[in-house]
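Pulled from TrEMBL:
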- GLY72, GLY73, ARG94, ASN196: substrate binding site (BINDING)
- LYS37: site 'Transition state stabilizer' (SITE)
- LYS256: site 'Transition state stabilizer' (SITE)
Amino acid sequence: MSPKLDLSLISNELKTHILAEALPHIQRYHGKTVVVKYGGNAMTEQRLKQGFARDAVLLKLLGINLVLVHGGGPQIDRALQKIGKQRVFVQGIRVTDAETMSVVEWVLAGEIQQEIVSLINHYGGQAVGLTGKDGGLIRARQMLAPDQERVGEFLDVGHVGEVEVINPAVIKALLSGAFIPVISPIGFDDDGASYNLNADWVASRLATILNAEKLLIMTNIAGVMDKQGELLTDLSASQIDALFADGAISGGMLPKIRAALDAAKSGIPAVHIMDGRIEHSLLLEILTEQSLGTVIRSH
Ligand SMILES: Nc1ncnc2c1ncn2[C@@H]1O[C@H](COP(=O)(O)OP(=O)(O)O)[C@@H](O)[C@H]1O
Ligand SMILES: CC(=O)N[C@@H](CCC(=O)OP(=O)(O)O)C(=O)O
């Protein structure tokens, strides 16, 4: 069955705005790959999730090779709370013991990925959900997190992994068809052990290996802020160093900004950290002149 194009949920003003400006952007991105990191904090309301799914279907119909990587931090927090378990984060990374790892796998691959796949399919797209295990997509190894307080020592973060190798064959096969890959940030090692990966790192590494034209990291804030809370619309590597030195970056923004900078340094032409709570932000960012959030530059 071929996907149906239905714009009825988008307001008339937005439709006209997007359509009037879209042509050069469609020409630029047609046949190109765009990786989108869909943060757990950007999946707050049902209406936003529906809008995101519709945007994905529409962009795919316009010939853009969309690759979606989802997060789910707050949803994992809630699941842990239900079983009376405390969340523990260091440097924006969840300390993951064996019990937490099974919750992470269940929430990410069992719930969130399946919800996104169902919504995209509901709106006429053909989404395929994967974890790093599928098609040998993401091989991971245990992460060694340097202890910031004791130089040369490492913190025990349990089953947290870092991406060792990405084999993009399965993604390329899906993109050559009408499919939209929806990837959960879970990696595996040769012994079949699973690892909890930060979704920003996965999106960044995938964007690099797929030679993406754009990496969009959708979160719950307008972009990167300075210490005074002002939005920074454009950031270079040296400005990022200064923000770190200033203590302006904390929590989940730590891995996010590093992942974004890595992608920019690898040559991705456009890397944005942007607000996923803006309705149809994906369409606005890709199909209009508007540049949303913070653009991360390599120099
Ligand atoms: N300098 C900063 N600019 C913007 N956000 C920041 C900054 N420092 C810390 N943050 C925090 O990072 C959060 C985004 O990261 P996170 O909660 O992990 O989102 P996601 O679930 O989308 O990955 C923001 O909501 C904000 O609270
Ligand atoms: C190692 C690590 O921290 N993994 C993350 C994976 C989910 C994620 O990245 O979700 P967001 O993008 O919504 O934050 C976690 O356990 O929360």
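Cβ atoms are placed via backbone N, Cα and C, with glycine included.
The shown structure was predicted, so the numbers you read here are calculated from the model rather than taken from an experiment.
Cα-Cα distance from GLY73 (substrate binding site) to LYS37 (site 'Transition state stabilizer'): 13 Å (rounded to the nearest whole number). Among the recorded positions listed (LYS37, GLY73, ASN196), GLY73 have a CB atom closer than 6 Å to some atom of ligand 1, in sequence order. Summary of the substrate site environment: with the site residues GLY72, GLY73, ARG94, ASN196 set aside, the chain residues having Cβ atoms within 8 Å of the Cβ mean position are GLY40, GLY71, ILE76, THR96, VAL104, VAL107, LEU108, PRO185, ASN198, ALA199. Its Cβ taken as reference, ASN196 (substrate binding site) is surrounded by 26 other Cβ atoms within 10 Å in the chains shown. Take GLY72, GLY73, ARG94, ASN196, the residues named in the record as contacts for substrate: the widest Cα to Cα gap among them comes to 12 Å. For the recorded site, LYS37 (site 'Transition state stabilizer'), the DSSP three-state label reads strand.
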